[in-house]
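Novice: Structure provided below as structure tokens; questions to follow.
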Amino acid sequence: MFSLMANCCNWLKRWREPARKVTLVMVGLDNAGKTATVRGIQGDNPQDVAPTVGFSKVDLKQGKFEVTIFDLGGGKRIRGIWKNYYSESHGVVFVVDSSDVQRIQETRETMAEVLQHPRIAGKPVLVLANKQDQEGALAEADIIENLSLEKLVNENKCLCQIEPCSAVLGYGKKLDKSIKKGLNWLLSNIAKDYEAITERVQKDTAEQRAQEEQDKKERAERVRQIREERSEESSLQQFKKVLFARMFI
Ligand code: G3D
């Protein structure tokens with residue numbers, strides 16, 4: 001009887017809890033299937049995608065969570081922007097093209113860079129071993145081995161789950177169960193440590209904003225100095241011209 005009442009109280013407490021805001025960063029090489037995955041989660045057809053050029057921000061509701069996903073372009077030249085989104089992220093979704101064996105080394109190096117980043121290390125990471133429907137796709141165990149995943153997550157103290165999946169299998173209610181399972185794993189692990197992760201997110205975001213503000217001021221100061229130098233130079237040239245002209249009057 002008591003345990004029934006306790007269960008009811010817990011359920012009521014959870015039901016009354018406000019929705020938790022969670023931000024996720026979705027990364028991986030270009031063509032891995034990030035946008036297809038996000039579209040599938042959103043309930044849109046993942047086949048209607050164009051590769052992510054810059055980034056896109058998607059807001060969705062997942063049970064008690066209000067989730068924002070930053071789907072970031074994976075091209076080599078654009079990966080530099082990823083770090084700008086790390087501080088505000090509670091967790092990471094790393095999408096791997098399991099059928100692209102030729103780029104597995106590049107995937108390993110890219111993943112290492114992400115997990116080692118001080119604003120990511122220690123946060124939960126979901127690895128989606130995507131494109132399992134493709135012939136020759138690496139199986140879960142091969143991906144773990146090729147990415148040195150165990151070593152990587154241990155070194156960076158990241159909780160990690162890998163899900164072999166296919167983003168084009170279905171969408172909305174028919175979304176690949178592995179993607180759903182992975183997302184639920186990620187959100188429930190964030191929920192377990194929600195206060196601590198959110199505190200870290202707030203602190204890191206504030207530090208990043210302050211740094212950006214400082215960089216902006218320094219850039220403005222450099223521009224001001226260059227303008228001042230140019231204007232001094234041009235006044236000097238002007239003065240020399242006048243002096244030269246007077247010598248011949
Ligand atoms: P990105 O956002 O990581 O750059 P996209 O990748 O989501 O744009 O996907 C790149 C291509 O891979 C797309 O095909 C997309 O349909 C396909 N794709 C994504 N996930 C899967 C999958 O699980 N299986 C298969 N077979 N294909 C997938 P196009 O032809 O548009 O380039």
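Heads up, the Cβ atoms here are built off N, Cα and C, so glycines get one too.
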Novice: According to TrEMBL, GLY28, LEU29, ASP30, ASN31, ALA32, GLY33, LYS34, THR35, ASN130, LYS131, GLN132, ASP133 bind GTP; which of GLY74, GLY91, GLY172 is also listed for that site?
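Specialist: Given GLY28, LEU29, ASP30, ASN31, ALA32, GLY33, LYS34, THR35, ASN130, LYS131, GLN132, ASP133 bind GTP in TrEMBL, the matching entry from GLY74, GLY91, GLY172 is GLY74.
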Novice: Treating G and I as helix alongside H, and B as strand alongside E, what does DSSP give for the compositional bias 'Basic and acidic residues' (205-233) in helix, strand and coil?
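Specialist: The counts are 29 helix, 0 strand, 0 coil.
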Novice: Which value in Å gives the longest Cα to Cα span across the GTP site residues GLY28, LEU29, ASP30, ASN31, ALA32, GLY33, LYS34, THR35, GLY74, ASN130, LYS131, GLN132, ASP133 as recorded?
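Specialist: This binding site's residues have a maximal Cα-Cα distance of 21 Å.
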Novice: Would you kindly give the Cα-Cα distance separating GLY74 (GTP binding site) and THR35 (Mg(2+) binding site), rounded to the nearest Å?
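Specialist: Checking the Cα atoms of THR35 (Mg(2+) binding site) and GLY74 (GTP binding site) gives a distance of 10 Å.
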